[in-house]
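Engineer: Here it is, the structure, as structure tokens.
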Amino acid sequence: MARPKIALIGAGQIGGTLAHLVALKELGDVVLFDIADGTPQGKALDIAEAGPAGPFDATLKGTTDYADIAGADVCIVTAGVPRKPGMSRDDLLGINLKVMKSVGEGIAANAPNAFVICITNPLDAMVWALREFSGLPHEKVCGMAGVLDSARFRHFLATEFEVSMKDVTAFVLGGHGDTMVPLTRYSTVAGIPLPDLVDMGWTTQEKLDAIVQRTRDGGAEIVGLLGNGSAFYAPATSAVEMAESYLKDQKRVLPCAAYVDGAYGLDGFYVGVPTVIGKDGIERVVNIKLSKDEQAMFDKSVDAVKGLVKACKEIDGSLA
Ligand code: APR
């Protein structure tokens with residue numbers, strides 16, 4: 001059987017890391033696409049040359065021609081510009097919206113059956129715009145944010161509790177921004193919810209609050225440290241987890257920016273929610289019951305995303 005074809009639109013920091021991970025995990029053959037001629041070809045060749053030592057079997061091709069993504073099973077989109085220190089994800093909106101238009105058209109024309117994972121920021125608005133520009137079914141277009149946000153949360157919690165990250169689960173809802181909603185009562189160590197761990201003296205409420213805030217600021221912390229770009233290892237690893245669930249029909253329960261129609265009081269809107277990812281794409285949105293406070297935080301986050309979508313419509317009349 002032919003290997004799956006994975007198209008990476010954008011061959012920058014995240015795109016290159018994605019290509020390396022996909023090859024190492026032998027998830028399929030890779031096409032790296034970028035508008036900066038030379039970059040995708042150079043990265044593809046460099047990673048292909050790592051194959052014998054890896055060892056891994058995968059073909060990698062770098063290109064500036066959308067025709068090369070023809071028939072891709074998965075497209076992961078990182079095309080656009082990343083943040084610089086002092087910028088919020090929202091500051092990228094105008095520039096990256098134009099990029100989503102060309103990427104959406106390129107995917108629609110060449111890989112209309114692909115499962116599309118958007119990473120470009122501001123995430124929730126960009127995944128919505130990408131879906132609009134591409135016209136693909138809603139369940140085949142989603143955004144990577146929740147897996148990354150909850151991975152950051154899990155990392156901080158595991159470090160605080162001195163336990164394996166494998167035994168920490170975390171739940172993050174809402175938009176991928178300052179208003180994201182880490183849900184402590186649905187986050188656990190081996191099934192024990194975080195509020196119980198506070199009662200058990202494993203940590204204090206103050207420390208837990210600080211971890212929640214650090215999770216919200218997780219992207220900015222990396223931007224501040226790097227000084228000339230944004231995070232790429234953890235975002236790429238998170239997107240590969242989603243792609244793998246689709247390609248292998250694993251039906252993993254993963255939080256991602258998905259089209260929510262009916263659940264959470266939303267009618268047709270992209271925002272971070274728990275989903276089931278399998279061979280049909282986003283197969284289910286898991287609709288959990290929120291407390292009054294949690295619902296208020298979620299609503300605030302949704303409002304922030306709605307503001308960005310409105311700004312997109314003002315910039316590009318074809319989206320209105
Ligand atoms: N089509 C294809 N590629 C494009 C386009 C376009 N229209 N415009 C820009 N690119 C390419 C750039 O040439 C660059 O190689 O996108 C790549 C982006 O790579 P980086 O600048 O290294 O950014 P990266 O760190 O990979 O982040 C990409 O993901 O997390 C988000 O905020 C981040 O929006 C940013 C995106």
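Including glycine, each Cβ sits where the backbone N, Cα and C put it.
Keep in mind that TrEMBL annotations are predicted by a computer and have not been checked by a curator.
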Engineer: In TrEMBL, the residues Gly10, Ala11, Gly12, Gln13, Ile14, Gly15, Asp34, Ile119, Thr120, Asn121 are said to bind NAD(+). Which of Asn96, Asn110, Asn113 is said to bind at that same site?
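Structural biologist: TrEMBL names Asn96 for this NAD(+) site.
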Engineer: Including all protein chains shown, what's the count of other C-beta atoms within 10 A of the C-beta of Arg152 (substrate binding site)?
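Structural biologist: Result for Arg152 (substrate binding site): 25 other Cβ atoms within 10 Å.
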Engineer: Suppose we screen the recorded positions Asp34, Arg152, His176 by Cβ distance to ligand 1 with a cut-off under 6 Å; which survive, in sequence order?
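Structural biologist: Asp34, by Cβ distance under 6 Å.
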Engineer: Just how spread out is the substrate site if you go by the largest Cα to Cα distance in Å among Arg83, Arg89, Asn121, Arg152?
Structural biologist: 18
Engineer: Write out the long-range same-chain contacts of Arg83 (substrate binding site), meaning residues 6 or more apart in sequence whose Cβ is under 8 Å from its Cβ.
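Structural biologist: Long-range Cβ contacts: Arg89, Asp91, Leu92, Asn121, Gly219, Ala220, Val223, Gly229, Ser230.
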Engineer: Using Cα coordinates, what distance in whole Å links Ile14 (NAD(+) binding site) and His176 (active site, proton acceptor)?
Structural biologist: 17
Engineer: Using the Cβ centroid of Arg83, Arg89, Asn121, Arg152 as the reference point for the substrate site, which residues of the same chain not in that list have Cβ within 8 Å?
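Structural biologist: So the additional residues around the site are Pro82, Pro122, Leu123, His176, Gly177, Gly219, Ala220, Val223, Ser230, Ala231.
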Engineer: So how many other Cβ atoms are close to Gly10 (NAD(+) binding site), meaning within 10 Å of its Cβ?
Structural biologist: 25
